[in-house]
């Protein structure tokens, strides 16, 4: 018996070993041809047709057909050269003979013209794939008006073209991936291809919005195709394929083709049913065997009880039964503490009889610790009770391999001593491991099924053939907010799951009619509750059959897919948005493969920028289009390798036309079709860089203009007038450093000498928004006043309202203007004075001569007067007394005085019209000043009642002063006039000046000299200062002066000596007249030009 079992085992193992194809099955011609072309035959496969055939990332040939070809190569003893190419190139290779073999091809009439075909080794259904928004099961007859995609060159394409007949549009695509994506994105309505490949790509591409909507009657039968250029190869391959057993083929097919559960396979269902039936039969047979064995065992025990001799005779037969049932026999002698075991007892646990040689204590150590006390206790109790009845215990024994096996031990006492204690017990140990495992598995399965039924979030129920609800799981009852007794046993459509009972009844009865025919129906149901909340339910009804295959119940399932629906809509919208953003983004975007940088896709902006089409792009490398600098390529590669994205990397690119472009590069890693890719976005900032450079130059130019401007430029905040920026001219003109000025207002710096003028300036600026040429007096840091003109307007700097002001120091301009005005006045008055003087001088001379003649002819002591008086008899003494009595002599003297005074005025007027004829010489200014002071100190005017000697004179004269080329008397006249005016002003002041003082200060000015004469009198108003040098203008009372003193002095200094003369008001009060005289060389030059 053991020999037979060993032989059967050996034959079984040998049958599982792969066998090489006997060479006798090949013809001599075939063997010779194969030996000659052993390693030179080219196999071409579609590199994008998983799981049937495809190319791994490393270039390896994989898939169902790859495993079939591997067995054929093994059988034939050859190795094909394998290349993965597009499918159209596979067909072209078979036609022209460059390809010897195609491992997965469908037999069609046109392909038979250039290809030999083997018998089909796999059959795959064709299916129709649509988006989930297309409802129901579809066939080709249901595709009217749709756009249906097929892969160009595939067998399914010809079949769909033939079925179209202008009923629907056929769109040819290049790959299955492209067809599925077009359906997902709504480019086409449906896609036809075999189920295996479609399911593979749907899973790989993560396209949850797709579904298999139906199948085609025609299936795809895969064969091996051999080019008609190789007839001997075709016959050899056919024989090798036939040599592969059907079970081996099935194993290969099952490895690669795992059809999705959403499209049930009838063959698979039949196989599952058959397997279930077979399992049930096996379980029934085992149960029968166990029952039979148990019955035989009881019968034997009964016979052993009746007679010990009959037991001995039946031992051999009993042992044979034990060997047949693989049960272990044992005999226990309690009084001796000895136990015997049969060979089967040891074999059942994998031991040899020598391994367990002891008594009860030895083998009881083999009992599992958890079961030992229970098993031995039951055996001891059986003995203590006198061995009556049957001993039975279930426990685990440790096998030789260390595993634990469940044993059912049964025994019965067959002999007793005089005290009634059993002396011999015989029994069987039955190996119940498998039944125990089956029982545990069944219990686990029952518990799992119950847990799945009760804990699942899906709605599950069971209906009878009339549609009454028999069973409903907890989830469905809870969702309906009902109690089990309210819904069980009643029509399903009357339950709270259906808001419209009549529609639900019609819908469910229609489904019941379909399911009774064995169909499984799936539909999407929308439930609207009382709060108008929509819930999407994925509803399925399937048949439940008995052992005879009859439909006895209906299984209903429902799954809340509301969130899934929303997610699908969001994903579809997200993908649509991404595609829209990608295609319509104003910036260049592209996708490159990470290993070699090859372009996979690019948006319209990128293609337009480069001036190429998408087809051309796929054939070009980044270097041919325009590569980034090497250092930036390395930086990008290292960042992406470390899973770090790149944001706004400023770089440059050398374009094909030779120009250099500036870019902002951003990129990150994405996975596309299982490959690592780079998603890049570039922003062309060439114009921006040029604009930035222009702006930089502009800012630099503005900064230079701002700092180098000869005018004061300030920038102040509008809100509070705080200075934000000043230029260098500001610091030079005002005396304040930049650090002192910034952060303060002009009010705090007291830039405006008159706060009222600052108020006028601010009001005008606020009113008009800008001010032009606004004149005001600016106060220097040291206190002196400057005349300035400013223009200002509002502007925004960094979103802060500011005031930009440009101010010019016009002190010298105004002085020059006043000087020019004064000079023009002098020139005009000089011409007038010359004319008047010439006209007045003649009658004035007659008046003086007549007055002198009258004086002479009225003298009593003049001889001729005496002679004339005697001649007419007049008494001159009486006439003289008469004239004096009538004060005619006084009148004559007044006439003479007035005439002399008029002549003096005429002489001064003539000084405006002609150059002084006084001789010039090099003079010492100290001497001139001392002479002027001496003349002034001796001047006493009774009429004005002032004494020059009472005035304090302060002299500030350096030791070394330059000599001047001037007319000494004229300079004395000017200085004397200024000293007299100062004394008169202080004498006439109201109130009087308590301590009158005149300060004389001289300083060198280049090669020339400046003299300042300052008094502490009442001062001169600004209005009068502007007219102080005009002829005939005087601040004295009428008749007190001619108004020509200062005008003549001004003329002497400016016209006569080429100098300057002006008046200012010192901050401490009073008046200061300043005289500036040129050096000797300049004086001579001015004289030559005069």
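Placed from the backbone N, Cα and C atoms, the Cβ positions cover glycine too.
The annotation domain 'PAS' is assigned in TrEMBL to 347-386 (among others). When pLDDT values are averaged over the domain 'PAS' (347-386), the model yields 78.
The feature domain 'PAC' is assigned by TrEMBL to 391-444 (among others).
Under the heading domain 'PAC', TrEMBL lists 519-573 (among others).
Under DSSP, the residues of the domain 'PAC' (647-697) split into helix, strand and coil as follows: 12 helix, 31 strand, 8 coil. Per TrEMBL, the feature domain 'PAC' maps to 647-697 (among others).
If you look up TrEMBL, you'll see 698-765 (among others) marked as domain 'PAS'.
Taken from TrEMBL, the feature domain 'Histidine kinase' applies to 835-1081.
According to TrEMBL, the signal peptide annotation covers 1-19.
Per TrEMBL, transmembrane segment is recorded for 274-293.
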**OP:** Would you mind splitting the domain 'PAC' (519-573) into helix, strand and coil residue counts from DSSP?
**Re:** 12 helix, 30 strand, 13 coil
**OP:** Could you break down the residues of the domain 'PAC' (391-444) into DSSP helix, strand and coil, giving a count for each?
**Re:** 12 helix, 31 strand, 11 coil
Original post:
Counting by DSSP, what is the helix, strand and coil composition of the domain 'PAS' (698-765)?
Top reply: 37 helix, 13 strand, 18 coil
